[in-house]
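What follows is one structure encoded as structure tokens, with my remarks underneath.
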Amino acid sequence: MIEFDNLTYLHGKPQGTGLLKANPEDFVVVEDLGFEPDGEGEHILVRILKNGCNTRFVADALAKFLKIHAREVSFAGQKDKHAVTEQWLCARVPGKEMPDLSAFQLEGCQVLEYARHKRKLRLGALKGNAFTLVLREVSNRDDVEQRLIDICVKGVPNYFGAQRFGIGGSNLQGALRWAQTNTPVRDRNKRSFWLSAARSALFNQIVAERLKKADVNQVVDGDALQLAGRGSWFVATTEELAELQRRVNDKELMITAALPGSGEWGTQREALAFEQAAVAEETELQTLLVREKVEAARRAMLLYPQQLSWNWWDDVTVEIRFWLPAGSFATSVVRELINTTGDYAHIAE
């Protein structure tokens, strides 16, 4: 299995170094649900600004304030503790009376707004996240500037970030140990983390191998292509390659890579043979995913940051702004810009 730090770069390994998240204010995330609260219903959506607090801790504190069970507070995605983040929490509080959430106090947190909503906010039910990052102590401004220009055109690999695999790769190691035994894993959180790490690692490896090709965005016979921003996909045939290539070049279509599991992977012929060869040695993880009935799926191979802009404060400090769809990792963008020093853990899902 390829170590995360050794995964293939789309734009080549960065020439310079820089500091990511020298302080929480250098990493700002604003959650974009893609919809507004209904204004009525048994749930309350609460938009919270937090600094130095993880999502679960704040959710538990909100439940305690509202005198409800912790399971009655949900959220669309986990946000990094060591960052300034805006996100929505959802509390089930039936009844006509609206609690005064402006009285909710927790160090590092501030309630920005709240309103009634008809439906529970479920994990993954967000459109994306807007990021404002500050990279400090940049050692090679010219290299970073050119990479930002190139990313606007060619995007970045849509890798799952290192944090998906746990501290020191602990989640992936857990998956490997589990794969080597038939011992049931009763802890639901461990099951989820380990299976996710296994599938993510296989996806990353397939993408890393594809990126070694001379033209990474060249459609081949049997590729599974996805309409940009959609989850559905279809298989490319030889007769359509020229037209499909034009649509990929126009970013209308995206080449996908496998999230291996049970059932068909989605690709056929040449593309399927390539994906299977890329992870041929990882039989234990593949067997685990099939054994635990994790269905195979697809994920775009490349990621195009939207609304990408940047501003150099001085020759060694740059502020970068961009928007990513749910499930994408900001560190996949940063990884193509600099060799980072400091904390490298942030998830946007």
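Every residue, even glycine, has its Cβ placed from backbone N, Cα and C.
As recorded in Swiss-Prot, the features of this protein are as follows:
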ACT_SITE  ASP80  active site, nucleophile
BINDING   PHE27, ASN129, PHE329  substrate binding site
DOMAIN    155-303  domain 'TRUD'
Secondary structure tally of the domain 'TRUD' (155-303) (DSSP, helix then strand then coil): 71 helix, 24 strand, 54 coil
Collapsed DSSP category at the residue listed as 'active site, nucleophile': coil
Shortest C-alpha distance to ASP80 (active site, nucleophile) - which of the binding-site residues PHE27, ASN129, PHE329: PHE27
Taking residues PHE27, ASN129, PHE329, which bind substrate in the record, the widest Cα spacing (Å, whole number): 13
Local Cβ density at PHE329 (substrate binding site) - other Cβ atoms counted within 10 Å: 22
Rounded mean pLDDT for the residues that make up the domain 'TRUD' (155-303): 94
Other C-beta atoms that fall within 10 angstroms of the C-beta of PHE27 (substrate binding site): 22
